[in-house]
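Here's the structure we're looking at; comments come further down.
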Amino acid sequence: MARIIETSTGLDALTFDDVLLQPGHSEVMPGQTNIATRIAQDIELNVPILSAAMDTVTESRLAIAMAQAGGMGVIHRNLTPVQQAEEVRQVKKFESGMVVNPVTIGPDATLAEALSLDEGPRHFRASPVVEKSHRLVGILTNRDVRFASDPEQKIYELMTRENLVTVKDGVQQHEAKRLLHTHRIEKXLVVDADSRFVGLITVKDIEKSQLNPHASKDAQGRLRAAAAISVGDDGYERAERLIDAGVDLLVVDTAHGHSQRVLDAVTRVKKLSNSVRIMAGNVATYDGTRALIDAGADAVKVGIGPGSICTTRIVAGVGVPQLAAIMSAVQAAQDQNIPIIADGGIKFSGDLAKAIAAGASAAMIGSLLAGTDESPGEVYLYQGRSFKAYRGMGSVGAMARGSADRYFQAEVRDTLKLVPEGIEGXVPYKGPVSGVLHQLAGGLKAAMGYVGGADLKDFQERATFVRISGAGLRESHAHDVTITPRKARIIPAQAADR
C-alpha cells in the first residue's frame with residue numbers, strides 16, 4: 001500500500017511558489033556578484049542557464065546565442081542523427097579561436113579540384129596547401145586562381161609559397177591580431193613546431209570574441225554546444241556522430257531517468273569518449289540521483305512534470321514538486337560534487353534564484369526562451385499579438401516527430417494510440433534571447449544582493465527559505481493596479497542623483 005513519505009522540505013513537498021528567500025545582511029551589490037557556475041567536470045558557464053532540448057526551443061541558432069551570452073544550448077533530438085550533428089557543427093564553427101581542420105588541398109591537386117571546393121574562381125577565397133605529412137607548403141588565394149585557365153594545372157605551380165604569415169600553435173589572441181593587422185591579411189596560418197599545419201586564425205573570429213567576452217567556449221576557443229540523445233542503439237549511434245561533430249556535453253534525455261535502460265545507456269555512452277561529459281535525467285528523488293551518478297553521469301537533470309507544457313503529473317499521477325526534488329537531488333550529489341540541473345518550472349527570474357539557492361548549479365529553461373527570435377519557428381499574429389509555437393516533447397506532435405522514445409513509447413506506430421504527457425500551444429513573442437537572459441541573470445544577481453552572496457556558492461550557503469501562504473503569494477505579485485506599458489526613457493544623471 002502506498003504511504004506518504006517525508007521529502008527534503010518535510011511532509012509537504014514544496015515548489016517555487018511555496019517559498020520566498022529571506023533577505024539578510026549584505027555587503028554585496030548586485031553588480032558585484034559573480035554568477036559563473038560549473039555544470040560538469042570541466043565545463044563552466046558564465047550564466048547558469050541552459051536552453052531546453054525541445055524542438056520549439058533549441059537548434060543551432062539559439063545554441064549560438066546562448067553560448068555567446070555565457071550559457072549553453074542543448075540541441076533537441078527530433079532530428080536525424082546527421083541533421084543533429086550538423087547543428088552541433090554550426091555552433092562549433094560559428095566563433096572559433098582557431099578554425100581546426102579547415103578545408104585544405106594538396107600541392108599535386110589540379111585547379112579544377114581546388115575550384116570544386118568553392119563556387120568557381122569568382123567565389124574562391126583561400127585554401128592552405130598541405131602535403132600528406134601535414135607540412136604546410138603554401139596557400140592558394142583568389143589572386144592565384146583568378147586568371148588561371150587550365151583546369152589541369154597543378155596547385156604547386158599556382159600557389160603562393162613565399163612570405164607566408166604563420167603563427168605557432170598556442171599563440172595569444174592579441175599577438176595574432178597584431179600580425180594580421182601588420183600584414184593586412186584576414187587569415188593567419190597556424191603551424192606546430194615541425195611546420196605542420198594545425199589550423200587558421202581569422203579576423204572575423206577575433207572580432208566576434210571581443211563582442212562576446214563572457215561567451216562559453218572550449219579549450220580551442222569554440223562556442224560550447226550540448227545535444228540530447230535517447231537510450232538504446234539509436235542513442236549510442238547518435239552519440240558517436242555528435243562526438244565526431246565536436247559536442248561538449250551529451251544529455252541522455254528521458255522522462256524517467258531512474259530506469260534501468262537509462263542507467264545502462266549512461267554507462268555505455270560514457271565509454272565512448274574521455275573528453276565529452278554526460279548529463280542524464282530526468283529524476284526527482286535522492287535514489288534516482290544516486291543511481292545516475294553511480295552509472296557515470298557527470299551531471300544530473302532534475303524535474304518530473306514541472307514544465308508549463310508537461311502533463312505527466314496529471315496523466316500519470318507521478319512527480320515531485322520542483323523545489324523538493326532539487327533539494328533531494330542536491331543532498332544525494334553533494335558528497336561527490338556532481339552538479340544538479342533544475343529542469344522546468346522556471347516562470348520568473350525569482351524562480352531561477354530559488355532553484356540556485358536550493359543547490360542547483362544551473363537551470364534548464366524552455367518556455368521563457370521559446371518565443372525569442374532565435375528559437376525555431378515563425379512569428380504569427382493572433383488577436384493582434386505576436387506569438388511563436390511552443391510544445392512539450394511529450395505532446396502528440398513532438399512524439400510523432402520522434403520523441404516518443406523519451407516516454408518509452410517508441411514501439412507505438414499509430415499516433416492515435418500514443419499517450420501524450422504534454423501539450424501544444426503558443427507563447428508571446430519576446431524578441432532577441434539576449435534580452436531574456438539579461439533579465440533572468442539580473443533577477444538572480446538581485447537575489448544575491450539581498451541575501452549577501454558574492455558568488456553562487458556563497459549565495460547557497462547564506463540562503464534561507466520562508467514558507468508563504470496563498471495570500472503571501474498573491475501579495476508577492478503585482479496587485480490592485482492596472483499595469484500599463486510604458487516606454488523606457490533615459491534619466492539624466494543629475495535627476496537620478498536627486
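Heads up, the Cβ atoms here are built off N, Cα and C, so glycines get one too.
Keep in mind the model is a prediction, meaning the values are calculated, not measured.
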Listed in Swiss-Prot for the IMP site shared with Ser308, Asp343, Gly344, Gly345, Gly366, Ser367, Tyr390, Arg391, Gly392, Met393, Gly394, one of Glu378, Glu421, Glu461: Glu421
Cα-nearest neighbour of Glu475 (K(+) binding site) within the listed binding-site residues, Asp253, Ser308, Gly392: Ser308
Secondary structure of Glu475 (K(+) binding site) (DSSP, helix/strand/coil): helix
Other same-chain residues whose Cβ falls within 8 Å of the Cβ centroid of Asp253, Gly303, Ile304, Gly305, the recorded NAD(+) site, in sequence order: Ala255, Gly281, Asn282, Ala284, Lys301, Val302, Pro306, Gly307, Cys310, Thr312, Gly319, Asp343, Gly344
Binding residues Ser308, Asp343, Gly344, Gly345, Gly366, Ser367, Tyr390, Arg391, Gly392, Met393, Gly394, Glu421 (IMP) - maximum C-alpha distance in whole Å: 16
Cα distance (Å, whole number) from Ser476 (K(+) binding site) to Ile304 (NAD(+) binding site): 26
Tally of DSSP helical, extended and coil residues in the domain 'CBS 2' (159-216): 20 helix, 16 strand, 22 coil
Alpha-carbon spacing, Asp253 (NAD(+) binding site) to Gly392 (IMP binding site), which is rounded to whole Å: 13
